[in-house]
Amino acid sequence: MLMAPIFGLALLGVGIYVQIELKQYLDFFASPINAPAVLLIVVGSITLIVGFFGCCGAVKEHYCMTITFSVLIGLLLIIEIAAGITGYVLRADVNDLVNTGLTQTIGQYNDSEHGGVTKAWDNLQMKLECCGVTNSSDYTKAGKEVPPSCGSFESTGCLKKLEDTLAANILYVAGVAIGLAVVQLIGIVFACCLGRAIKREHSYA
C-alpha cells in the first residue's frame, strides 16, 4: 500500500511526459491523439489520492479503509489494463491517422487562419528533420513555397517519422500501464491480506 502513491506519481509523470510530447502535433489531427496521456494523468492523480487513503488505513489498522483501498485500486487496475490493451490494439490505426492529418493540413501551411498548423509543421520538420508528407514536392503540389524549416532535409518525408514517433509513444504508454497494473495487482493481494489480519486481530481483542 505504501507503494500506491509511488505508482500514482509514476503514472502521472509518464502521462505528463507523453502529453508534452504529443501536444505539438495536436493541430494535425481532428481527434484527440493525446487521450491516452490524459487518461494516464487522471488515473495517476486518482491513484495518488487513493494511495494516501490506503496508507492511512494501514497505519491506523482500519479494516474498512484497507478494503476500500483494495476495491478502488482494483477498479483503477481494470482501467489501466483496458487502456493498455486498447492502446496496443489501436496502434495499427496510427498510420492512417497520421497520413490523413498531414495530407489535409499541408495545404493550410502559412494561411493566416491556420497559424497553429503552420507552427506545428515547422516544429515537426525541425524536430524530426523532415519535409512535407513524403518530401518537399508536397508543398509545391499544394501551391506553397518550401518552408525554411525543411532545412537540408527536403527529400525526407515526415510521414514515416511521425508514424514511428506516435507508435513508440503508444507502446510506451501501454507498456507502463500494464507493467504498473501487474505490480498493483500484487499490492491488492497484500492489502486484502492486511485487511484480514486487522479484522482477525480486532475480533480477538
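All positions are counted from 1 along the displayed chain.
Every residue gets a Cβ built from N, Cα and C, even glycine.
Look at TrEMBL and you will find 36-59 (among others) tagged as transmembrane segment.
Annotated transmembrane segment per TrEMBL: 71-90 (among others), in sequence order.
Note: C131 (disulfide bond) has non-local neighbours Q125, Y139, V146, C150, G151, F153, E154, S155, T156, G157, C158, i.e. same-chain residues 6+ apart with C-beta under 8 A of its own C-beta. Positions annotated as disulfide bond by TrEMBL: C131-C150.
The transmembrane segment feature in TrEMBL is assigned to 170-194 (among others).
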C150 (disulfide bond) has how many other Cβ neighbours within 10 Å of its own Cβ? 22
